[in-house]
Each structure stands twice: as C-alpha cells, then as structure tokens.
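See below for the structure under consideration.
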Amino acid sequence: MSMGMERKIDSLHIPTLQQLPCFCPAAAEALDIMNIFRLAGDVSHLVAIVILLMKIWWSKSCAGISGKSQVLLALVFTTRYLDLFTVFISTYNTVMKVVFLALSYATVYLIYIRFKNTFDSANDTFRVEFLLVPVVGLSFLENYAFTPLEILWTFSIFLESVAIMPQLFMITKTGEAESITTHYLFFLGLYRALYIANWVWRYHTEGFFDQIAVVSGVVQTIFYCDFFYLYITRVLRGRGKMSLPMPV
C-alpha cells in the first residue's frame with residue numbers, strides 16, 4: 001500500500017479501491033482502520049467547533065474570537081475535502097467532511113455577517129500573508145504527488161498547523177481570554193495531541209509513518225504547549241478569564 005493512500009486515511013480523505021495503486025486484501029482492510037485515538041481526536045475536534053459556535057450564538061457576540069483564524073480553518077477544510085463529491089468511502093467519512101465544512105463556514109458567517117458589529121477587528125491584526133506565502137511554497141516543494149489535489153491536500157495540512165496563530169496572537173495582544181474561548185482552544189489542541197498518539201500507535205502496529213502530517217501535527221501541538229499549561233493551572237482552577245502576558 002502506498003504512502004499516499006495510507007496518509008489519506010488519517011485525514012478523512014481515503015481513496016476507493018479502484019483508486020489504489022494496486023489492490024490487495026491488506027489495502028482493502030486498511031480502508032476500515034480506526035483506533036481509539038483517531039476517534040477521540042475527531043470527537044475532540046468536533047466538540048471544539050461546537051463550543052465556539054455555542055459561545056458566539058448564546059452570547060450574540062464574537063468578541064475575543066479571531067475571524068482570521070476561522071477563515072484559515074475554513075480554507076483548510078475546503079482544500080482538504082475537494083474529493084467530497086467524487087469519492088465515497090463510508091457514511092462516517094462523508095458525514096464528518098460535511099459537518100466540518102458546514103460548521104467552519106457557519107462560524108465565519110456568524111463572525112463577519114450575523115454578529116459583525118461585535119467583531120474585534122482592532123485586535124485581530126495578525127498578518128496572515130506571513131503564514132500563507134510559506135505554506136503555499138512548501139506545498140509545491142514537499143508533497144507526495146505533483147497534482148492539483150495532492151498539492152491542495154498538502155497545503156491544508158501545513159496551513160492547519162499554523163491556522164490558530166492569529167487567535168493566539170489576539171489573546172496575547174488583549175492580555176486575556178474568556179473561559180469558553182479557552183475551552184475551545186483546549187479541545188482544538190487536544191484533537192491534535194490525540195492524532196499524534198494515533199500516529200505513534202499506527203507506527204508501532206502497522207509500521208505506518210506520514211512525514212508531512214506528523215511533522216505538521218507536532219509543530220501545531222508545540223504552539224499549544226504554553227496554552228495547555230495556563231489552561232490547566234488557571235482556567236481549570238476556576239479563575240475565570242485566563243490572563244496572558246502582554247506583548248512588549
């Protein structure tokens with residue numbers, strides 16, 4: 001089974017049997033691979049997005065939320081799931097793709113249209129071009145096949161690893177974050193940490209290793225390290241808003 005086929009299994013982007021480089025029983029069985037870490041990671045990711053949507057809808061405000069991060073995440077899902085209407089793997093796979101796409105664009109809609117008067121654009125000032133330019137370049141240089149869909153898939157993996165930076169920058173700039181916002185970030189970080197556990201599990205049980213996804217996932221998790229510490233020591237101890245040091 002090729003590296004390209006295996007890594008797609010871990011990103012809800014799995015080829016059909018007809019698309020496999022060569023068909024064999026082991027390859028067919030791989031299409032149904034699922035472990036507790038992957039499942040828990042998907043659930044954690046979904047919980048994070050639902051928490052954010054509930055926060056915005058119930059408070060009728062998107063204050064403290066980076067619209068730029070949400071646009072980048074919507075772009076991540078869009079470029080990753082371009083095969084939604086051409087490849088059917090399973091009901092679970094299709095439903096999760098649709099859910100993530102729908103919720104990501106719903107979030108962008110609430111921030112920039114429904115509750116745009118509450119959007120804190122003055123503090124959402126991260127220069128996203130500093131993320132997009134290198135990510136585009138890396139996608140062309142480092143990929144498993146030089147085809148449009150493969151390059152866009154790689155782009156989505158690299159972009160996801162840094163898409164949260166505008167949100168973290170916004171929290172640092174304002175100096176604090178509401179508890180509900182930190183809950184969202186915690187579950188988003190937990191999702192990536194669980195996927196790293198999934199990759200470790202698959203490496204030991206299957207000998208599977210996807211360099212692009214693993215390196216990007218580790219980089220993304222590193223961004224959350226300080227946040228995890230502050231979340232556990234401050235938010236979970238009931239101190240309300242989480243205060244962060246102001247940038248110099």
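The backbone N, Cα and C atoms fix where each Cβ goes, and this holds for glycine too.
All annotation found in TrEMBL is predicted automatically rather than curated by experts.
Feature list (source: TrEMBL):
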TRANSMEM  40-58  transmembrane segment
TRANSMEM  95-113  transmembrane segment
TRANSMEM  125-145  transmembrane segment
TRANSMEM  151-171  transmembrane segment
TRANSMEM  183-201  transmembrane segment
TRANSMEM  213-232  transmembrane segment
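Tertiary neighbourhood of the transmembrane segment (125-145): same-chain residues 3-4, 7, 66, 68, 71-72, 151-155, 158-159, 162-163, 165-166, 169-170, 173, 212, selected by CB-CB distance under 8 Å and a gap of 6+ residues from either end. Most Cβ pairs within less than 8 Å of the transmembrane segment (40-58), among stretches 95-113, 151-171, 183-201, belong to 183-201.
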